[in-house]
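**Student:** Shown below is the structure under consideration.
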Amino acid sequence: MSNFDVLFIGSGQGAWNAAMPLSMSGQKVAIIERDKIAGVCTNYGCNPKIILDGPIKVMEDAQAYKGIGMTSEMKINWSELMAHKNKVLDALPVMLEENFKKAGIEVIKGEASFVNEKTVAVNGQEYTADKIVIASGQRPTPLDIPGKEYLKTSNEFLYLEDLPDHIVFVGAGYVSMELASIAVKVGATVHVIQSSDHILNEFHQPYAQKLLTKMQQDGIQFHFNEKLSKVEQQEEQLQITTEKGLTLTTQLVINATGRVPNVENLNLEAAGVEYNSKGIIVDEYLQTTQKGIYASGDILDKKQPRLTPTAVFEAKYLAASFLGAQTQAIEYPPIATIAFTVPRIAQIGVTIEEAEATGLTIKPIDLGKQWDFAGRNETEAHLNLVYNQEQKLVGATAYSQEALEIINSLTPIITLGLTSKEVDKLIYAFPSFETMIPRYLQETK
Ligand SMILES: Cc1cc2nc3c(=O)[nH]c(=O)nc-3n(C[C@H](O)[C@H](O)[C@H](O)COP(=O)(O)OP(=O)(O)OC[C@H]3O[C@@H](n4cnc5c(N)ncnc54)[C@H](O)[C@@H]3O)c2cc1C
Ligand SMILES: NC(=O)c1ccc[n+]([C@@H]2O[C@H](COP(=O)([O-])OP(=O)(O)OC[C@H]3O[C@@H](n4cnc5c(N)ncnc54)[C@H](O)[C@@H]3O)[C@@H](O)[C@H]2O)c1
């Protein structure tokens, strides 16, 4: 039996961003992982997705110049792109594991299961710790339908050696919209089956509607108010059927109907840790219903978006708490979110809907009419800024190929509550979106 100061279940961003500083501060730390080291973001999420999206964005940006200077057509070789992605990312779990070990962290491979509130078993071996952090993340929601064995998820999509000619995505949330945007640009025929009548629930719906129109123009075929009910193998192909009787013949069906917390195999009952269908229940110090057991990242039952930066923030909070450098309840700053679609939608702080409901000032900016966006021929680019009663910027929502940079450049202003006088002290490189910010802060009407 080994004893640790802190034991982490899971090796994702919600774990290692706490484990590293704790170990480097002299605590005896272990990480337990049953799959690839470093979790979903590194292996099955953000990182592989953004590498595969790289040439998609380049292609879209370049094609905007068609007829105004760009003459060549662009094509993507999926297999080469996938091999490149694997070459870059396959090294990361190995490198991170080495870094963990160099920092003094013990890495335990296998599935963790609680024996009691102080003890966890892995492969028949028991480990005890003063503090245990559950950072076991989420996995795709299983669909319990006939033929479920033929369904694949984003995990498999992000490792496909060849891209099938015909793909059906089930769900129209973040995962489907990002991966469908990639697949259609590479040349696949793409269908989306969505149970409601809209896409990207979390985002400003007029922008989501614009994106939907763009995705349809790009060739993606949407089937709204439809639920997948059956998948059958027909020789080399798959036939899908919806509850209303729509049938499609395809080569690949990606189930992206949401994600569920990884709670099942942890034997949480033995530890007295309570959870529900959304995840593990914690207090404002991220402590579970059992003293000494904490949780971090996607596994939490929380209202904040389940994203990597949120998991990192929680992990750092826990490390600071365990080291005595933090005694306050967790206080989340505004969290920037983005859908990496073509174009992107991103937002931070007070949403347009919240502003409308509370009577705050909303300033729409037609970015596409500004010379720099017009210069790139990005005529459909939009931004909405939200100001509070003191005319401070408190929220922003962007629809643009450059939405990532736009929202990130507004993040410090919104988070730190900077005034236009303070922003005037910043000299940004020009030409850039950032140089327009002081003007937006002065003209709130
Ligand atoms: C396709 C996709 C794209 C995404 N893109 C983005 C993006 O662009 N930006 C962004 O901010 N977020 C993105 N996310 C979300 C992001 O990946 C997660 O928010 C982040 O990974 C959460 O980190 P975590 O440490 O809480 O959990 P995870 O990364 O899920 O790590 C949990 C780990 O725990 C392990 N585990 C579970 N149970 C056990 C057990 N019993 N014993 C041992 N180990 C166990 C799992 O194997 C896993 O490795 C994306 C997610 C997906 C699926
Ligand atoms: N860019 C990013 O930050 C990013 C990217 C990908 C994933 N993520 C994370 O992963 C999470 C999960 O993403 P997701 O897209 O899997 O889930 P989601 O909850 O965002 O979307 C799932 C969609 O599937 C639909 N749906 C549910 N059941 C259905 C059924 N039976 N048939 C048809 N449609 C159905 C829902 O209406 C919903 O629109 C996100 O909430 C986010 O936390 C983030």
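For all residues, glycine too, the Cβ spot is worked out from N, Cα and C.
Automatic, uncurated: that is what TrEMBL annotation is.
Note that the structure is predicted; figures quoted are calculated from it, not measured.
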**Student:** Need one residue: from G69, G258, G272, G279, the one TrEMBL lists with G171, A172, G173, Y174, V175, S176, M177, E178 for NAD(+).
**Tutor:** G258
**Student:** State the mean pLDDT for the domain 'FAD/NAD(P)-binding' (4-315).
**Tutor:** 98
**Student:** What recorded positions in C41, G258, D298 place CB under 6 Å from ligand 1?
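**Tutor:** Close enough to ligand 1 are C41, D298.
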**Student:** Taking the Cβ of each of the recorded positions and counting other Cβ atoms inside 10 Å, which one has the highest number: C41, C46, V175, M177?
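**Tutor:** Highest number of other Cβ atoms within 10 Å: M177.
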**Student:** In angstrom units, rounded to an integer, how far apart are the Cα atoms of C41 (disulfide bond) and D298 (FAD binding site)?
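**Tutor:** Between the Cα atoms of C41 (disulfide bond) and D298 (FAD binding site), the distance comes to 11 Å.
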